[in-house]
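The next block holds one structure in the form of structure tokens; read it before the comments.
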Amino acid sequence: MYLVDTIDYQKICCIIKTFEDNILFQKNYHSTWFLKSIANIQKEKYNYGLEVAFVGYSNSGKSSIINALTNQKKLAKISRTPGRTRLINIFSVTSEIRLVDFPGYGYAQVSRSISKKWKEMIFQYLNIQKCLQGLVIITDIRCPIKEIDELVINLAVSLNIPILLLLNKMDKVTRSIQKSKLFSTREKMLNFSNNINVELFSSFKKIGIHKLQFVLNNWFSSDKKLCQ
Ligand SMILES: Nc1nc2c(ncn2[C@@H]2O[C@H](COP(=O)(O)OP(=O)(O)OP(=O)(O)O)[C@@H](O)[C@H]2O)c(=O)[nH]1
Ligand SMILES: [Mg+2]
């Protein structure tokens, strides 16, 4: 009897804590501010606090998702022209917590050497960034998962970096396509790991924001050690 009570008490405390974290961070995401743009991850590596990176193919909607999450229209620059984000843009949620918006990988109109540099930057970043708590990979729901996405997923899995894969622009397809794409992508991700979270998202319709916040809150949870 006593044991059952203890377990219930622990469960309740855990639920309250998750709830508090969500309330706390929901406010904080909205007051996120631009910290700086950097061109070279090696030189400017942050070695304090916690961060989450947003990566994906050019034009998949990385910057729009950061704007939707923070409920700000112009925090991250968005553009119809792929390849708009050319530097790594870092945003601060608090003095210890950062969101990192990467240039999109793989776009034909950006010269091959620049595109190659951006890819290398992401691989380098994943390998060296000790503050990284998780990786949000963004794809356009209408496009197949690209080989470069798979390479990034493989590397993140091998480094034990948690992944959230967002199928963005869900507003562009019918409900049945949304469902089947979600199902098939979840199936596909099992080939990499059984721990990859896949969700639908639309920054236009503001769908999926709460799930995104929930995952980020977990990654940023106060139990995690700040890197120093
Ligand atoms: N329909 C629809 N369009 C979207 C959505 N999210 C982003 N877009 C559009 O997609 C285009 C690219 O958005 P960005 O946020 O700049 O994409 P990005 O991945 O940051 O692009 P790069 O920085 O160039 O790699 C813009 O025209 C956005 O308005 C969405 O949920 N639905
Ligand atoms: Mg961008």
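Indices start at 1 and increase along the chain as displayed.
Each Cβ is built from the backbone N, Cα and C atoms, and glycine gets one as well.
What Swiss-Prot records for 48-222 is domain 'EngB-type G', and it gives sequence analysis as the kind of evidence.
The DSSP secondary structure for Asn59 (GTP binding site) is coil. The feature GTP binding site is assigned by Swiss-Prot to 56-63, 83-87, 101-104, 168-171, 201-203.
The annotation Mg(2+) binding site is assigned in Swiss-Prot to Ser63, Thr85 on the grounds of sequence analysis.
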Task: Three-state secondary structure, Lys169 (GTP binding site) (per DSSP) - done: coil
Task: Distance-selected binding-site residues near ligand 1 (C-beta under 6 Å), from Asn59, Lys62, Ser63, Leu87, Lys169 - done: Asn59, Lys62, Ser63, Lys169
- [ ] Consider only the binding-site residues Gly56, Leu87, Pro103, Lys169: which of them have a Cβ under 6 Å from an atom of ligand 2? Write none if no residue does.
- [x] none
Open item on the list: What are the sequence-distant neighbours of Leu87 (GTP binding site), meaning same chain, six or more residues apart, C-beta distance under 8 angstroms?
Closed with: Ser37, Ile38, Ala39, Pro103
